[in-house]
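Inspection log for the structure reproduced underneath, given as structure tokens.
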Amino acid sequence: MALLLAGAVAAVTAANYIVSQLAVWEIDFPGGVDNSNIKWRAFIWILSELMLLVSVAMNYLPLYSGVFKFSVALLMLDFFLCLTWLPVGVSKTYGFRSASDVFSMTYNGTGAPAGWNWILSLLFTAGTLTGFDASGHIAEETKNASVIAAKGILTSAIATGVLGFITTILFLFCTPDLNTVFSLNAPQPFVQIYALALGKKAGIVMTILAVLGLFAVARDGVLPLSGWIGQVDVQGQPRNAVTVIYVFAAAMLCTILPSQVAFTSLVSAGAVPTIAAYGLIALLRLVMTPDRFQSSRFRLGKYAKPFYVCAAAFNALVFAVDISPFYFPVTAQTFNFAVDKWLRREQILRAMEVTD
């Protein structure tokens with residue numbers, strides 16, 4: 001589910017980066033920049049479908065490997081510019097936030113109790129620690145996979161955790177004061193932050209790099225659900241899988257038209273099973289097979305059980321955040337339907353009947 005939704009999410013994100021330039025250049029949109037405006041939702045939908053079409057079309061290019069490497073290079077360029085150019089721009093414009101602001105100041109804009117309001121910050125930051133298992137998915141094409149794939153998973157988790165934490169702290173220092181942040185009316189506020197720190201024209205460069213980098217996410221993915229989908233062409237490209245992903249993602253984007261809440265809930269529903277699987281695997285290894293699979297070429301040894309406990313606890317917390325409402329009190333507009341999409345009441349009742 002998460003792989004299928006990745007293209008749609010990347011397309012919407014790219015669209016939001018682009019349309020945020022309207023706010024930077026103070027261009028009015030008919031009816032206002034608001035999800036309650038059907039014209040605005042239709043505009044986002046059309047642009048998202050276009051972004052998805054372009055990103056998927058890249059998969060059909062003959063130089064598949066070259067396109068992939070170029071996309072990775074763009075991602076790294078965008079990343080390093082955020083670490084270098086953005087702080088320099090901030091130092092020359094509105095200035096860095098103080099250490100007390102970054103590490104001790106809180107703001108409750110959710111209406112939730114103070115403790116849960118703080119926990120809800122994991123909604124976006126925890127996403128850094130997903131996808132680290134990618135090397136395991138391509139183990140069949142990896143030499144010495146029993147060692148290389150395992151090392152890839154471990155090093156990816158460490159790299160994303162450490163570097164993601166450092167990047168988050170850097171962005172907190174580079175963010176304007178809260179009054180300025182809350183006055184930003186763009187769908188993607190970071191575009192306006194780029195403009196404030198670097199200038200409008202330089203902000204366009206960062207926006208373009210971010211959009212092109214998102215294509216690397218949207219264009220990547222394999223879906224081995226059946227023999228036909230798993231087939232590759234003479235050049236080794238999974239064209240059938242790409243086609244299925246495009247059709248599914250394009251259909252999911254259509255949910256933006258009736259309600260932005262519907263699309264957001266579907267995205268959350270795609271993330272919930274992934275996080276649940278991460279935690280469930282660790283929990284079952286801890287309680288069911290704690291001393292099994294000792295023949296593994298890359299086992300954790302005496303550190304295995306502590307890792308199982310940490311992984312199960314952390315993913316349980318992230319799972320709770322993913323199914324939690326993000327604003328309180330809860331209404332039909334703010335309810336998180338992810339839990340209903342992933343584990344409906346009918347499924348629970350059916351399971352209880354079978355158990356009885």
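The backbone N, Cα and C atoms fix where each Cβ goes, and this holds for glycine too.
TrEMBL annotations: computationally assigned, not manually curated.
The feature transmembrane segment is assigned by TrEMBL to 38-61, 73-94, 114-132, 153-173, 193-218, 239-259, 265-287, 307-328.
Contact between the transmembrane segment (265-287) and the transmembrane segment (153-173) is not supported: fewer than 3 Cβ pairs lie under 8 Å, counting only residues 6 or more apart in sequence. Two recorded stretches are said to be in contact when at least 3 C-beta pairs lie under 8 angstroms, sequence spacing 6 or more; the transmembrane segment (153-173) and the transmembrane segment (73-94) meet this definition. When Cβ-Cβ distances below 8 Å are used as the criterion, the transmembrane segment (307-328) is approached by residues 110-112, 116, 119-120, 122-123, 126, 268, 271-272, 275-276, 278-279, 281-283, 285-286, 290, 300, 334-336, 338-339, 342 of the same chain, each at least six residues removed from its ends.
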